Amino acid sequence: MEYLPLFAQLKQRPVLVVGGGEVALRKIALLRRAGACVSVVAKKLHPELAALEQEGALRWLAQSFEPAQLDAVFLVIAATSDAALNRRVFDEANARQRLVNVVDDQPLCSFIFPSIVDRSPLIVAISSSGNAPVLARLLREKIESLLPASLGRMAEVAGGFRDRIKARIPTTDGRRRFWEKAFRGRFASLMAAGDTRAAEAVLEAELDAPQGPQGEIILVGAGPGDAGLLTLRGLQVMQQADVVLYDHLVSDGVLDLVRRDADRICVGKRAGAHAVAQHETNQMLIDFAREGKTVVRLKGGDPFIFGRGGEELEAAKAAGVPFQVVPGVTAASGATAYAGIPLTHRDYAQSAVFVTGHYKPDSEPFDWALLAKSRQTLAIYMGTMKAAEISQQLIAHGRDATTPVAVISRGTREDQRVLTGTLDTLNILAKDAPMPALLVVGEVVQLHQQLAWFQHSTDAENLRSSVVNLA
């Protein structure tokens with residue numbers, strides 16, 4: 001081990017920075033976050049440093065470096081472009097046994113700065129000992145994506161309970177078990193949801209009368225297909241799951257991100273064909289949660305946009321089971337973006353309407369006159385089976401038969417297909433489109449050829465011709 005990782009307490013400690021340029025600015029920003037009292041030795045200051053000096057946030061010594069400036073400081077940073085001056089600062093600091101860092105010159109450093117993941121008071125530091133700083137930065141980015149922002153506040157709350165828990169639980173093993181349960185259970189979930197008061201109440205209750213494991217249901221939007229569109233929060237939750245109930249619309253790439261030892265159960269639905277009845281899915285969610293498990297309900301797109309997520313949470317609420325919701329990128333947003341079709345555009349559409357083509361038989365019929373208005377974009381989910389009716393009704397209620405339309409199949413995935421045509425050919429386009437598919441109606445569709453960027457997007461005009469010819 002070339003370096004011993006240490007965390008320095010710099011609050012109100014004097015730190016000297018030699019240099020007043022952009023490199024010094026970056027280091028000073030870090031030092032100020034740690035509460036250091038910063039003095040800067042430089043003839044000139046970067047404008048942002050000058051502003052900080054005017055605010056009294058740092059002390060400026062507008063002079064040349066002198067060894068006496070090191071006498072009362074805790075550590076030193078040399079951040080100049082003058083190699084001889086940097087060497088002199090290093091030698092003088094070493095002679096006085098001061099910690100010193102010459103920026104980007106590892107041999108002239110008695111300490112180095114790591115890459116930092118800041119969830120204060122929780123801090124993660126990553127270092128390659130100066131050998132591969134880019135690798136350390138990439139590792140930091142990965143860790144950033146895995147650690148929720150709520151960890152810092154959770155650590156603060158836990159710190160506030162330490163003395164009480166130590167007094168109530170005398171053994172080290174007992175305290176370790178208490179905190180492991182807290183950090184893996186309902187306390188952590190409530191902190192992630194921002195409900196500090198309820199989280200503290202959970203710790204209080206656990207101290208007064210230890211409970212069995214408490215489960216919960218977390219509704220997660222998996223996005224339209226491309227695993228890269230999964231939210232960070234969604235990924236974090238999937239890594240904590242004991243059980244995952246997922247739909248057919250969830251892509252293999254997203255499922256691959258689920259915790260390896262979590263149980264996976266497909267409760268998939270397609271229009272008119274349910275692998276598991278909705279009431280059975282609701283009961284499974286409740287039963288698993290009552291066993292103390294973290295149950296992730298993974299749904300394609302966004303769970304609250306034609307995903308029946310509201311019905312599932314109504315059942316959970318009625319059963320007294322706690323739950324959370326993690327929104328996702330809905331198909332109307334993701335698929336159109338990957339197809340180069342903006343939902344709104346000042347020249348073509350001032351509004352966008354999301355509609356489901358698979359509605360309850362006893363529900364009120366669509367307001368076709370409203371949907372047929374021009375200068376708006378219709379995004380129709382689960383509409384391929386009713387494409388003929390949709391086309392006929394829109395035309396009958398005033399939408400021009402030559403209105404551009406698109407059928408986006410398996411949007412955002414590697415095998416995405418985009419078929420374009422006009423409203424009077426919508427049924428032909430939709431007839432053989434691979435599922436899942438989104439129907440888009442509106443003048444914005446004509447921008448597809450110009451704005452298509454996704455490498456798997458198909459030549460729209462050729463596809464349109466082939467589909468029409470097949471008909």
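Using the three backbone atoms N, Cα and C, a Cβ is placed for every residue, glycine included.
Together with Pro224, Gly300, Gly301, Asp302, Ile305, Thr330, Ala331, Met382, the S-adenosyl-L-methionine site in Swiss-Prot holds one more listed residue from Gly253, Gly320, Gly398, Gly411, which is Gly411. Here the C-alpha separation of Pro224 (S-adenosyl-L-methionine binding site) and Lys44 (NAD(+) binding site) works out to 53 Å. Comparing Cα positions, Ala331 (S-adenosyl-L-methionine binding site) lies closest to Val23 out of the binding-site residues Val23, Lys43, Lys44.
In the three-state DSSP classification, Gly301 (S-adenosyl-L-methionine binding site) falls within a strand. Separation of the C-alpha atoms of Ile305 (S-adenosyl-L-methionine binding site) and Asp247 (active site, proton acceptor): 14 Å, rounded to the nearest whole number. The Cβ of Gly411 (S-adenosyl-L-methionine binding site) lies under 8 Å from the Cβ of Pro224, Gly225, Ala331, Gly334, Ala335, Thr336, Tyr338, Ala339, Pro436, Leu438, each on the same chain and at least six residues away in sequence.
Here the candidates are the recorded positions Ser128, Asp247, Gly301. The one whose C-alpha lies nearest to that of Lys43 (NAD(+) binding site) is Ser128. What surrounds the NAD(+) site, by Cβ distance within 8 Å of the Cβ centroid and not counting Glu22, Val23, Lys43, Lys44, is the set Gly19, Gly20, Gly21, Ala24, Ala42, Leu45, His46, Leu49, Ala79, Thr80 from the same chain.
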